[in-house]
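Written out below as structure tokens is the structure these notes cover.
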């Protein structure tokens, strides 16, 4: 039982203020103390903290001026026409400056100080601001459901316009419902990868917010799920001209839709997108699924569910756009818009096709949005999966959908240093870690199940280290637990989980082991990492996940904790993570290695190792379209190798 402070002396020891005292936070300290978030005695000319550290004590307020925020008024503007103050004008004129007010209101422009390619755009804020305002107006017109207003007719496209929107040499803006200047937003958005295409006021963001809000309301509603949902009647068929969309609160919105706009693709364009799905995108998602549900089952399911069809095609189009920046994003935007409009009426049914569409759209958003927003783009689907009760052992397509989402959930949680969106206790059907492990190992596991076992262990590691259970001392990189009971509990849980992680590696089936290992030659700076080749995708990513888990656990190993087997060093695990990604070029495994490479790169110190990792990040983004340069930039800042 924790001892509580009983008097003034105890109160001082525990760091809590005495009764009657009020803690007041000030912002008048020196810049060094404010940056370190330490209390400053505000002594002039040098405070005690700066004198102790022998650092110059600086005072004042730091203000940064950005060129994109500069505003100027033309000489022909009425405000610039000088008149004597004591002279009254003979005539009055009422001027309509609504457009200028709207421009100033929507003046927020994403900035990236490290991007030199976008300086020309930053020096012309007026056109971009006007485009953002026009994009918001278009999105508001398309998505009036969010404002509980009726919409007479959604924009439709002809086959020719869609074809030109998706082909490589198409002009930037081809959607009839959008202004021509809106295309400049998406062109600028892809250059600012930190912000992605989900910019404030963009149609992409408006569509995402609409779907996200509806998924939350659907998850909270008591509408029957896929087990008891009745088949739609002709009156409620979403292919009819008029749909009634349930909002989950007893009310509904009536949506007028042009059924002639449902066929938006030419056969040639659709062939290109389906081929890219089969050759490139589906193998990403099926890398831990030997039955290949995304490559075999989902296309067949999409024939009878148009929202799934357009979700798949939107992801395929976006992946092509990410690989070839000359392509216009308006093609994937049109498909993304169509997928969401077709999905919303079916969301309450919560059947497999609906869940599949949500997961596919999550992959699209993860590929396209800022990494800082990954969690926000996953939380809606997480609530929907929880409401339906899908976990890692339900079988069939739903099980494949869960593990794809679980991998995204792990990397999002690792990036934000938080627990997973789906609590780890709901990943399997057992109440404890030991019970879950027995569930995984109760039979001879196929390769995909063994790889998903590694994903589960990754989720457990993140839950232990980041889910408000393990504060970390940033100076020592070790756990910083003051209470003796917390230390004992964490040490016990750490030891138990680390033993399971080591068992995963020791008990691997032969198919999960490498087929070739070639050590590095001493002094060979061109190949600083060994060759570690595997024969299948589950083995590639499964082994890399093991090394990632071990690296994270060893970095936060409690003091005076002994293991039954002597663990390898942190550097050994980090070098194996890099060797696996360099030696195995499976694109699905590459997309899964962006975060592990970043963790391993923090351990590397030789310039040849740095160069190899940066070159690999560049290859990943060029060949897969999945953003990786942002992590390379993080490592450059850590290494001090900024260009």
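Cβ from N, Cα, C; glycine included.
Among the ranges 1-23, 24-46, the one that TrEMBL lists as region 'Disordered' is 1-23.
TrEMBL lists region 'Disordered' at one of the ranges 218-256, 257-295, 296-334, 335-373, namely 218-256. For the domain 'Zn(2)-C6 fungal-type' (29-59), no residue of the chain approaches it from at least six positions outside its boundaries, judged by C-beta separation under 8 angstroms. Confidence annotation: the domain 'Zn(2)-C6 fungal-type' (29-59) carries a mean pLDDT of 88 in the model.
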